[in-house]
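Copied over from Swiss-Prot:
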- Asp7: active site (ACT_SITE)
- Asp7, Asp140: Mg(2+) 1 binding site (BINDING)
- Glu67: active site (ACT_SITE)
- Glu67: Mg(2+) 2 binding site (BINDING)
- Asp140: active site (ACT_SITE)
Amino acid sequence: MLIMGVDPGTAITGYGIVEYAGNRFALVECGCIRTMPGVPPAERLQALYGELVEIIKRHRPEHFAVEEIFFNKNTRTALTVGQARGVTVLAAAQSGLPVFEYTPLQVKQAVAGFGRAGKTQVQYMVKTILALPEVPAPDDVADALAVAICHAHHYTWERKLKLK
């Protein structure tokens with residue numbers, strides 16, 4: 001199963017594409033999409049959308065996973081991240097991909113085994129699970145890979161439970 005995980009943001013959006021087969025993970029590609037500061041928000045969102053669609057076309061993932069937004073004390077930040085998240089979901093939906101959403105708690109639980117794990121613990125586990133020489137940088141990339149790993153575990157277990 002080819003999964004694309006995304007950690008949306010207006011300035012930096014992390015993405016990761018992983019192959020999951022036979023209870024093993026393989027990294028296909030990861031990186032980040034950076035938009036230009038000082039550019040009008042609509043243009044930044046349009047650039048993000050275009051880059052995501054190109055990545056989806058290039059790799060043709062079967063599933064698209066994104067983290068749900070948790071309540072943020074900074075309303076302005078929450079709104080801009082929400083806009084970027086909406087654009088990522090739209091890019092996936094218009095590309096015909098099923099979209100799966102996970103809470104930060106679910107992602108941490110699936111990757112680190114503890115829902116209150118710290119960022120460093122999650123990053124270390126992403127590195128370990130994907131057998132990478134170092135933690136992916138920036139943080140947004142590691143977070144996107146964590147979402148993809150989370151989806152692989154959740155989706156696999158849901159399918160197993162339905163077969164019983």
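Glycine is treated like the rest: Cβ placed from N, Cα and C.
The most densely surrounded of the recorded positions Asp7, Glu67, Asp140, judged by C-beta neighbours within 10 angstroms, is Asp7.
Cα separation, Asp7 (active site) to Asp140 (Mg(2+) 1 binding site), rounded: 6 Å.
Secondary structure at Asp140 (Mg(2+) 1 binding site), taken from DSSP and collapsed to helix, strand or coil, is helix.
In this structure, the CA atom of Asp140 (Mg(2+) 1 binding site) is 11 Å away from the CA atom of Glu67 (active site). A strand conformation is recorded for Asp7 (active site) in the three-state DSSP classification. In this structure, Glu67 (active site) is part of a beta strand by DSSP.
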